[in-house]
């Protein structure tokens with residue numbers, strides 16, 4: 001080991017990188033690839049055009065050694081915290097964690113003059129707003145100010161045979177005729193019409209009803225009335241029929257309307273198709289659709305990064321179960337289009353669920369009933385693990401673990417109105433040394449939860465220590481026979497194998513999928529994949545294609561795709577290629593030092609600077625618009 005350290009020092013491995021072969025908390029990269037911060041950025045800047053600015057972004061001091069050791073020493077005492085506090089008094093505090101006050105540029109900001117949708121839809125009727133329309137109606141003026149196309153091929157036109165964005169598409173040259181008409185490939189359109197499409201969209205009529213509060217939640221009100229009358233009995237196969245009061249019984253109302261002699265003389269009610277009693281008799285637990293996913297690979301519901309294009313990437317690499325991003329029940333009940341977009345399901349997602357966040361039984365139960373009759377999912381998950389203050393201070397997320405009475409009402413209420421299994425994702429607890437999961441798991445089993453996913457960290461802990469898999473093993477025994485999935489620190493097939501030995505029913509992959517979405521392939525094939533930089537770029541290119549299909553190919557769609565690509569790159573840059581490591585596998589808590597890859601693209605992908613992520617996005621989506629600003633959500637580094 002001493003010889004390796006000497007070689008590293010001679011090859012420039014010392015200096016700012018400060019990486020030794022055995023340094024704890026740092027990824028063990030081979031000596032011939034390690035370098036310093038200055039040489040790393042000089043190498044990247046050398047490829048830029050002559051005359052470009054070669055400033056090295058300023059960066060705060062490196063993390064103290066004591067703080068890096070805390071990643072592995074879960075039982076560290078409070079001395080390291082005192083050392084860190086004293087260190088921060090001497091030097092300016094470096095921004096870290098979430099960037100809560102980051103500048104947020106909406107994609108519409110980059111499209112100042114937008115064409116009226118009536119012109120895009122090629123409708124025969126004129127614009128309903130007339131002169132009061134705030135959009136542009138002069139096509140010639142729009143084309144004069146429109147930026148140049150980003151490429152010669154339109155993903156939507158090639159995939160679906162028609163681009164609905166017409167002349168506003170940033171690749172419009174691929175499908176505009178000589179007179180500016182939008183071309184259509186009839187054969188491709190006919191073929192795509194027979195294929196399944198993306199589901200779980202929000203209907204405009206339903207959106208208006210939600211905004212005007214005209215939606216009836218009869219089943220939810222019945223369930224809530226049962227909850228207020230007292231504790232409900234434990235759900236068991238013997239409980240068959242939900243009790244209905246006469247005023248809520250549809251059969252009773254019908255008999256009152258046609259009762260007496262007039263009922264015998266009147267004509268029979270015409271029927272069409274089979275008559276069911278789903279509105280009167282709810283499904284028994286044994287009649288509900290079962291969620292049998294034991295042993296399958298579960299992609300975690302990842303806020304911001306777990307969007308539909310990213311889930312398609314993970315499905316292609318072997319993910320079995322997917323779940324939408326966390327959706328707030330109050331926003332869904334208000335008909336917010338952006339929140340309903342989180343529920344969309346691609347046809348490739350064969351086992352798919354949605355995750356709800358809420359703090360009160362009434363809103364959660366009503367939202368569950370709404371989703372039960374409007375969208376197509378295989379399960380509904382309750383978020384009891386969100387640690388952010390915005391959710392926690394309102395009583396949702398992790399706070400539900402300390403509000404067992406409300407938690408019980410939420411679970412029982414939702415379970416009564418849902419026809420699909422109900423699952424829960426939770427943490428070990430709120431405080432770092434006070435675990436609560438082992439106490440709640442038997443209760444959740446009695447309340448009717450079909451499956452629980454346990455993240456082996458508390459709210460206060462966040463990612464400052466390794467996940468507590470021994471505690472997850474203990475909870476798996478307590479939860480039996482209810483299946484329990486484990487989550488935390490899985491970045492290789494060895495990590496997955498060790499996790500399965502704890503007795504869990506399966507594993508959930510979260511950050512590991514962000515760092516390397518091909519992790520699912522590695523787990524299933526039990527091998528390390530030394531993926532090349534060109535293959536990784538192809539994955540990013542596929543993501544941009546999926547993003548343009550999902551968010552659109554106009555300026556707003558392109559910039560929204562770019563934004564989510566950059567957020568993903570803030571995680572992808574932490575991956576260290578297999579061929580560069582001295583020891584396999586890479587640990588998720590090991591910080592990658594400065595290193596030079598086997599080619600320029602591999603080095604560029606290892607950069608932790610947002611300016612370099614922008615360069616990668618420009619390879620795939622063209623140049624950024626003027627005034628572009630990006631500050632990653634989970635990284636203390638900005639590009640302006």
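Backbone N, Cα and C atoms are what each Cβ position is placed from, and that goes for glycine too.
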Write down the one residue from 336, 355, 556 that Swiss-Prot lists together with 301, 302, 303, 425, 455, 487, 488, 489, 510, 511 as binding FMN. 355
Listed range which Swiss-Prot flags as zinc finger, given the options 24-54, 148-178: 148-178
Looking at Cβ-Cβ distances, which residues of the chain lie under 8 angstroms from residue 386 (active site, proton donor) while being 6 or more apart from it? 326, 357, 392, 396, 397, 398
